[in-house]
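Trainee: Before we start, here is the structure in question, set down as structure tokens.
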Amino acid sequence: MLPMITGFINYGQQTLRAARYIGQGFMITLSHTNRLPVTIQYPYEKLITSERFRGRIHFEFDKCIACEVCVRVCPIDLPVVDWKLETNIRKKRLLNYSIDFGICIFCGNCVEYCPTNCLSMTEEYEFSTYDRHELNYNQIALGRLPMSVIDDYTIRTILNSPQRING
């Protein structure tokens, strides 16, 4: 009779333990119901990038002194800097500046080490194209500032998306 009673007690303990484990899992599932969705519908919704996001490089032609520090610190020697030495004033004059974003690894070394801060990172990250030669940006294309995701009325960002109603 005693083994039968201990068997019932063990069975009851195992049943309670299983119910507790199922309850814990259910509570975790319920705790996730009040969260916002993580997945976004990309072309129509975009995440707002952080301040330190390393997107397309913005170039200010007037600030550049053609020192070529950006070329020396680039791990793949990417920026192409064409300059001409002005003998009468003994300074370099920048003629052309270009970066091929098909090759760029967006490490940010050129921006970090530029002595005149003529390079900066923007929040633009959409470079899709059918021709790889379109990714070679000259100083005119690098000088254009991109439209901010927050200011673009055609894109619904996470900040202005409708919140879930608890109820």
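Each Cβ is built from the backbone N, Cα and C atoms, and glycine gets one as well.
Below are the features I grabbed from Swiss-Prot:
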DOMAIN    55-84  domain '4Fe-4S ferredoxin-type 1'
BINDING   Cys64, Cys67, Cys70, Cys114  [4Fe-4S] cluster 1 binding site
BINDING   Cys74, Cys104, Cys107, Cys110  [4Fe-4S] cluster 2 binding site
DOMAIN    95-124  domain '4Fe-4S ferredoxin-type 2'
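Describe the structural context of each listed feature in the structure shown, including burial, neighbouring residues and relevant distances.
Mentor: Here the domain '4Fe-4S ferredoxin-type 1' (55-84) is broken down by DSSP into helix, strand and coil counts: 5 helix, 8 strand, 17 coil.
Over all protein chains present, the Cβ of Cys114 ([4Fe-4S] cluster 1 binding site) has 20 other Cβ atoms lying within 10 Å.
In the structure as shown, the Cβ atom of Cys107 ([4Fe-4S] cluster 2 binding site) sits within 10 Å of 14 other Cβ atoms.
Across the domain '4Fe-4S ferredoxin-type 2' (95-124), mean pLDDT in this model comes to 95.
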Trainee: Distance check, please: Cα of Cys70 ([4Fe-4S] cluster 1 binding site) against Cα of Cys110 ([4Fe-4S] cluster 2 binding site), rounded to an integer number of angstrom.
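Mentor: With distance taken Cα to Cα, Cys110 ([4Fe-4S] cluster 2 binding site) is 4 Å from Cys70 ([4Fe-4S] cluster 1 binding site).
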Trainee: Distance between Cys74 ([4Fe-4S] cluster 2 binding site) and Cys114 ([4Fe-4S] cluster 1 binding site) at the Cα atoms, whole Å?
Mentor: 11
Trainee: Residue list, the domain '4Fe-4S ferredoxin-type 1' (55-84) vs rest of chain: Cβ under 8 Å, 6 or more residues beyond ends.
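Mentor: Same-chain contacts beyond the flanks: 49, 91-101, 103-107, 109-125, 127, 137, 139, 142-143, 145-146.
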